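S.K.: Shown below is the structure under consideration.
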Amino acid sequence: MTTTTARPRPQARPAAPLPSTLANGLARGAAEVKMFFRSKEAVIFTFSFPAFVLLLLGSIFDTGEAMPGGASMSQVFAASMIAYGILNTAFTSVGVGIAADREDGTLKRLRGTPITASAYFIGKIILVAVATVAEVALLLAVGVVAFGLELPTAPSTWLTFGWILLLSVIACTLVGIAASGLAKSGKNAATVLNLPVIALQFTSGVFVAISSLPDVMVKVAAFFPVRWMGQGFRSVLLPDSMAVGEVAGSWELPVVALVLGAWCVVGLLLCLLTFRWTERKAG
Amino acid sequence: MNAIEVRGLRKTYGGHTAVAGVDLTVAEGEVFALLGPNGAGKTTTTEILEGHRRRDGGEVRVLGVDPATADRRWRADIGIVLQTATDAADLTVREMVGQFAGYYPDPRGVDEVIDLCGLTEKAGARISSLSGGQRRRVDVALGIVGRPKLLFLDEPTTGFDPEVRRQFWDLVRSLAAEGTTILLTTHYLDEAEALAGRLAVIAAGRIVAEGTPRTVGGRDRAPATVSWVDAGGQHHLNTTDPVRAVTELAARGRVSELQVRQPSLEDVYLNLIGAKA
Ligand SMILES: Nc1ncnc2c1ncn2[C@@H]1O[C@H](COP(=O)(O)OP(=O)(O)O)[C@@H](O)[C@H]1O
Ligand SMILES: [Mg+2]
């Protein structure tokens, strides 16, 4: 016996509610994290790079003699390198990642679906959070094992570490998203974005102790977040006696909060002004 | 209601006019092919209808809405297969289809879509490991997972081998049988002829002919060529009534190499796009 069933025409179905931005953002985040850790080049050459630099330069600076304040040069270096690690995962990786998403069609494909731009950003933020926590853990491990860095024990110090980390990540991610538009293509994004990163490392006292930098350089670098990120992490990971090595002779945590907070706002504004779904040449 | 209505569509890049006043109407449930050579303006037109590019002039309604100002609800009703994409290489086919299913209010089942697109064996494979044809089928899977009312296919079978192309045509036919409206661009005549109920030929940004594969460019009314060889040598006769010509010929006695040739879609097409064969 044959029964005929009316073919369900697509338009006959009742309109189901659109999925929420949060649910889609979490799904994007899961996909982003998977893609990041599955890409061997990204993990080896991008993610492990700061730890590699820390090992290399830390060993070169490891002269054995203590600096004024008691800690060794390589310990100061290990603390400052956290700033580079965050810059690497939050600013460079996000900037390069978005430029690549724009170039390989990821963004265009997403834009053709009902997903919201916010869900895409939630995905990036999840990726940054996971990658940054892993990066910082890796750098701390190298600092402790190779250079005798002592991790703080007081909860209040970890609290300080927490807010400096959070503000740094938000500021760097937002500026990274905005900066992704500077690169004309995904291919040259890494080059374009590494330029300010390298320049800021040197002028902000990450690769070189801030006390040995020329005055003008320090003044200019004070407008950018990296200097304050490095100073913040040194305040948490080094004994308080080391504050003598800072420009003001103290850790200046309120200024750290102020500058990083300001960069969060600036980053958000830059993002809203410059974010593009597609490459500049596409109509 | 028509699925697509376009009047006087224009688009220029710098000084170069890519689309110069295109009119198109695609009814609901129709498979419509936009046929044209490279650079004719197929992708530009399609991407304006998809909301991916801005137009410089003209009226556009897609599912009753202007794509330039369309919202999420509208996007849930359309499916897009772009001409090129190389994204998501490090995800598996099932992960990618599953992710996209989650973006739609009423998606098809993930395994159902994978099966429809002939990717069941590759469901667990990274997209980067797929062949060009398999990758293209992932594009199609992502385009139909949201159960679109209107599906855009921009040169979907470029680079397919003949067998895979046939399978793909079957997939398009089954989507059409479900009631999906399809706008297909192609530069393959056989594809337009096999799939489209109606087609338009586009060249240099203009629609130069429109109709069914049988009638486009006056193909049904164009003169046929009757040719034969007799004692006087080779003869060619252009006529709108080839049956009568052959009957008269038969009455005259023996001829050899008798041929009646009606213009193929290819003849009509090459003539239309100005590339004389
Ligand atoms: N983003 C763009 N910028 C500048 N010119 C473009 C762009 N996209 C297409 N064109 C030009 O517009 C014309 C039509 O291109 P396109 O729509 O891609 O044609 P088709 O898809 O039929 O091959 C071509 O001359 C092409 O070079
Ligand atoms: Mg094209």
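One is the number of the first residue shown, and numbering goes on along the chain from there.
Cβ coordinates are placed from backbone N, Cα and C, and glycine is handled just like the others.
Sharing the record's features from TrEMBL:
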type	residues	note
DOMAIN	A:41-278	domain 'ABC transmembrane type-2'
TRANSMEM	A:42-61	transmembrane segment
TRANSMEM	A:81-100	transmembrane segment
TRANSMEM	A:121-149	transmembrane segment
TRANSMEM	A:161-183	transmembrane segment
TRANSMEM	A:190-210	transmembrane segment
TRANSMEM	A:255-275	transmembrane segment
S.K.: Let me check one thing: do the transmembrane segment (A:42-61) and the transmembrane segment (A:161-183) come into contact, meaning three or more Cβ pairs under 8 Å with sequence separation of at least 6?
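M.R.: Between the transmembrane segment (A:161-183) and the transmembrane segment (A:42-61), which are separate recorded stretches, there is no contact, as judged by 3 or more close Cβ pairs.
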S.K.: Among A:81-100, A:161-183, A:190-210, which stretch has the most Cβ pairs under 8 Å to the transmembrane segment (A:255-275)?
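M.R.: Checked against A:81-100, A:161-183, A:190-210; highest Cβ contact count belongs to A:161-183.
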S.K.: Residues of the same chain, at least six outside the transmembrane segment (A:81-100), with any C-beta under 8 angstroms of its C-beta?
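M.R.: Contacts with the transmembrane segment (A:81-100): 36, 42, 46-47, 49-51, 53-54, 106-107, 124, 127-128, 131-132, 135-136, 138-140, 143, 165, 168-169, 172-173, 175-177, 179-180, 183, 185-186, 189-190, 193-194, 197, 200-201, 204, 206, 226, 229-230, 233, 237.
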S.K.: What residues in the same chain, six or more past the boundaries of the transmembrane segment (A:190-210), come closer than 8 Å to it by Cβ-Cβ distance?
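M.R.: For the transmembrane segment (A:190-210), the nonlocal Cβ contacts are 57, 67, 73, 76, 80-81, 83-84, 87-88, 91-92, 95-96, 176, 179, 182-183, 217-218, 220-221, 224, 226-227, 229-231, 245-247.
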